[in-house]
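Notes follow the structure.
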Amino acid sequence: MLSSLNVLQSSFRGKTALSNSTLLQKVSFAGKEYSLEPIDERTPILFQWFEARPERYEKGEVPILNTKEHPYLSNIINAAKIENERIIGVLVDGNFTYEQKKEFLNLENEHQNIKIIYRADVDFSMYDKKLSDIYLENIHKQESYPASERDNYLLGLLREELKNIPEGKDSLIESYAEKREHTWFDFFRNLAILKAGSLFTETGKTGCHNISPCSGCIYLDADMIITDKLGVLYAPDGIAVHVDCNDEIKSLENGAIVVNRSNHPALLAGLDIMKSKVDAHPYYDGLGKGIKRHFNYSSLHNYNAFCDFIEFKHENIIPNTSMYTSSSW
């Protein structure tokens, strides 16, 4: 088995990294060293709420779920109060009414560091690809195989799907914009974190003048509860993600993702995978496989050790609180 994780990485976890950062500047995985890159106290925090059923809200309610079981709006407001020197972005999407958009504006007025960012107002076109190109590339790949190795059933499906692309909808991004399930969340989460600092600067939100378009961001699911300021974070090569552990089996999760710069190459690697497969998944391929590719992870490595290497964990964040309740969908 190849060498996996340098033992020095164990000090990279939230505030622990602060006290040891002068001693431990490097971590290693798969025989390669990576700098623990800082993510400073003014890096914006990003939440996301994509609402599939905006009609479920009463008049005068901000259309972000805020029940006893799922107090997501309260968690966001709590984060804005604690991290009052950071900009707190909320990327939203859904068929909101005029009155609901007014409630978003009222939320911004009441909490000056909260910025509502509408998905439709963000230019993600630099990350797009024609669906027809994705299908054609996969068709040509199948056609290049010897007849005995060709999957004719798959080839027929690909040709049929190519013919059925709706007029004016030949776009990977548009195909996800019309979904109303978890891949809708996951795909645009990846794109938003790719834009990172520029997500805040390009949408013309007031109060974001101190954010560099090239800077990173701290993404948190709305079920993550901040209990105190996060301070400076450190991440290997500038990226770390939440890790779940179930019966000692670990897995990369997208509930928390921190990056120190826009267009992080690990996320770009995941986007390349999304653009190469007709059945790609934004969580498994766009995030998980992209990070693994970037850090040269293979099946020869210890997966739990890789999860330890890339884990974002902080003593001032209570993670994944919705695991104790029923689905908010």
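Quick reminder: no glycine exception, Cβ is built from N, Cα and C everywhere.
Swiss-Prot has this to say about the protein:
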ACT_SITE  Glu253  active site, proton acceptor
BINDING   Gln48, Trp49, Phe50, Tyr72, Tyr219, Leu220, Asp221, Ala222, Ser322, Ser327, Ser328, Trp329  UDP-N-acetyl-alpha-D-glucosamine binding site
BINDING   Asp223, Asn320, Ser322  Mn(2+) binding site
CARBOHYD  Arg13  N-beta-linked (GlcNAc) arginine
CARBOHYD  Arg53  N-beta-linked (GlcNAc) arginine
CARBOHYD  Arg159  N-beta-linked (GlcNAc) arginine
CARBOHYD  Arg293  N-beta-linked (GlcNAc) arginine
Quiz prompt | Inter-residue C-alpha distance, Phe50 (UDP-N-acetyl-alpha-D-glucosamine binding site) and Asp223 (Mn(2+) binding site) (nearest angstrom) | solution = 14
Self-check item: Per-residue Cβ crowding (10 Å cut-off), top of binding-site residues Phe50, Tyr219
Solution: Tyr219
Quiz prompt | Three-class DSSP secondary structure - Asp221 (UDP-N-acetyl-alpha-D-glucosamine binding site) | solution = coil
Quiz item: Which one, from the binding-site residues Asn320, Ser322, has the smallest tally of other C-beta atoms lying within 10 Å of its C-beta?
Solution: Asn320
Self-check item: Using Cα positions only, nearest of the recorded positions to Gln48 (UDP-N-acetyl-alpha-D-glucosamine binding site) (Arg159, Asp223, Glu253, Arg293)
Solution: Asp223
Self-check item: Phe50 (UDP-N-acetyl-alpha-D-glucosamine binding site) in three-state DSSP notation
Solution: strand
Exercise. Let me know the DSSP-derived helix, strand or coil state of Asn320 (Mn(2+) binding site), please.
Key: coil
Self-check item: In sequence order, the recorded positions (Arg53, Arg159, Asp223, Glu253, Arg293) whose C-alpha falls within 10 A of Ser322 (UDP-N-acetyl-alpha-D-glucosamine binding site)
Solution: Asp223
Quiz item: Which number gives the other C-beta atoms within 10 angstroms of the C-beta of the residue listed as 'active site, proton acceptor', all protein chains shown included?
Solution: 20
